[in-house]
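Notes follow once the structure below has been shown.
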Amino acid sequence: MKLFPLFADLQGRRVLVVGGGEIAARKVQLLLEASADVRVGAPALTPELALLAAQGRIHALQGEFRPDWLDDAWLVVAATDDRAVNAAVSQAAQARRIFSNVVDDAELSSFQVPSIVDRSPLVVAISSSGVAPVLARRLREKVESLFDHSLGALAALAARHRPRIRERRPDLKQRRKFYDWLLDGPVAALLRQQRPEEAERLLETALQAPQDDGAGSVVLVGAGPGDPGLLTLKALRALNEADVILYDRLVSPAVLALARRDADRVAVGKRPGEDHDATQARIHALLVEHARAGRRVVRLKGGDAFIFGRGGEELEYLRAHGVRYEVVPGITAALACAAYAGIPLTHRDHAQSVRLVTAHCREDEDTLDWAGLAREHQTLAFYMGVGQLETLSARLIAHGRSGATPFALIENGSRPEQRVVSGRLADLAAVARSHGVRAPALLIVGEVAGLARELHWFGAHLEGQRPAPAALAA
């Protein structure tokens with residue numbers, strides 16, 4: 001270990017920053033956040049630093065660096081663009097046995113400022129010992145994505161109640177269990193939802209109870225269409241906290257690979273030919289069963305759970321059975337697939353509205369407004385439509401939509417195997433058959449679909465042509 005990590009208490013202690021530019025200003029802001037007594041020395045200051053000096057938040061020393069600026073200083077930061085000045089600061093600090101940092105110059109520094117993830121009172125510092133600062137920044141970005149901004153509030157809440165937690169849970173095992181509940185349960189969820197008063201009340205109520213109720217909870221998570229990079233930070237956190245994951249058939253293996261390794265994974269996806277209502281009833285029962293067993297359950301759905309995902313039905317069931325829940329939205333297939341195909345869903349020249357439509361209706365009724373769907377200057381995004389392509393095109397054309405209207409079929413959208421097949425609405429079913437298009441695939445109908453030919457950037461793009469009659473007969 002080349003450098004020894006330290007966390008310094010700078011509250012009220014003098015720190016000198018030599019330099020008056022933008023880099024110096026960034027260092028000053030960090031030091032002020034740590035409540036340091038900051039002095040800034042330079043021939044001239046940026047407007048930001050000058051304002052801080054005028055407000056009395058820093059003390060300005062105007063002119064060229066002098067060693068006596070170091071009087072009573074605990075630390076010094078050199079942030080000028082002149083290496084000779086920086087070296088003079090470093091030498092003067094070393095002579096006085098004061099730790100010094102020269103920005104972006106490890107050779108002249110006796111301490112380094114790490115990349116920081118601030119969730120005060122929790123702080124994470126990352127250093128590459130000056131060897132690879134870009135790598136340290138990359139790691140910081142990854143760590144930032146793992147820790148919600150509510151984590152600081154949660155740590156502060158736990159610290160405030162620590163004496164009472166110790167009093168009410170004197171047994172070490174019970175106390176650890178309570179902290180697990182506090183950090184992973186509904187109190188943390190309320191803080192993530194920016195509801196601190198309710199979180200405080202819930203913690204107070206829990207402390208009054210003789211023991212934890214052991215109740216679990218359900219998080220309804222939208223997994224997006226497949227690319228794990230499209231997961232939200234909240235979705236990633238939920239996957240890492242889950243005890244059990246009930247996932248749909250269309251959730252990609254790459255997304256599941258990001259989940260907590262020891263979480264139970266239960267496939268509950270519906271398959272063609274199954275009784276979907278019976279399958280949904282089984283999912284409802286599993287959600288309640290696992291939650292009542294005290295588990296943290298993630299219900300993982302492709303796309304967004306509230307866009308043709310029956311998420312509303314599941315929440316109604318959970319509410320009726322007294323199970324706590326929260327919802328993490330996902331990027332729905334229409335948005336992601338269109339973007340990955342280079343298709344803008346709206347365009348000032350072609351489409352002023354977008355309609356998301358399911359082609360998988362109840363078997364006993366067709367409730368779609370075909371006349372409304374056939375209007376021009378709008379984009380239609382059909383979900384679950386691969387088995388209904390002939391009907392979709394025929395009804396749109398019958399209700400007035402031109403057979404020359406462009407379409408795009410996006411198969412396995414956002415995944416490495418993505419294909420986009422485009423053509424004319426009149427040829428939709430025939431083109432899909434000739435290219436062997438299979439689910440999962442999203443159908444986009446409208447003038448904007450024609451832009452995929454020029455704007456596509458990901459995966460394969462195939463320009464569909466209606467097969468010749470002989471080919472169709474074969």
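Glycine residues also receive a Cβ, built from the backbone N, Cα and C atoms like all the rest.
Per Swiss-Prot, the features are:
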type     : residues                                                               : note
ACT_SITE : ASP248                                                                 : active site, proton acceptor
ACT_SITE : LYS270                                                                 : active site, proton donor
BINDING  : GLU22, ILE23, PRO43, ALA44                                             : NAD(+) binding site
BINDING  : PRO225, GLY302, GLY303, ASP304, ILE307, THR332, ALA333, MET384, GLY413 : S-adenosyl-L-methionine binding site
MOD_RES  : SER128                                                                 : phosphoserine
REGION   : 1-203                                                                  : region 'Precorrin-2 dehydrogenase /sirohydrochlorin ferrochelatase'
REGION   : 216-474                                                                : region 'Uroporphyrinogen-III C-methyltransferase'
Nearest of the binding-site residues (GLU22, ILE23, PRO225, ALA333) to ASP248 (active site, proton acceptor), judged by Cα-Cα distance: PRO225
Minimum Cα separation from GLU22 (NAD(+) binding site), reported as the residue among recorded positions SER128, PRO225, GLY303, GLY413 that achieves it: SER128
DSSP state at GLU22 (NAD(+) binding site), helix/strand/coil: helix
Neighbour count (Cβ, 10 Å) for the residue listed as 'phosphoserine': 19
Shell list (NAD(+); ref centroid = CB of GLU22, ILE23, PRO43, ALA44; cutoff 8 A): GLY19, GLY20, GLY21, ALA24, ALA25, ALA42, LEU45, THR46, LEU49, ALA79, THR80
Least surrounded among the binding-site residues, given as ALA44, ILE307, ALA333, when other CB atoms within 10 Å are counted: ALA44
Cβ neighbour count (within 10 Å, all chains shown) around the residue listed as 'active site, proton donor': 17
Cβ-based isolation winner (fewest other Cβ atoms within 10 Å) among the binding-site residues PRO43, PRO225, GLY303, GLY413: PRO43
For PRO225 (S-adenosyl-L-methionine binding site), the three-state class that DSSP assigns: coil
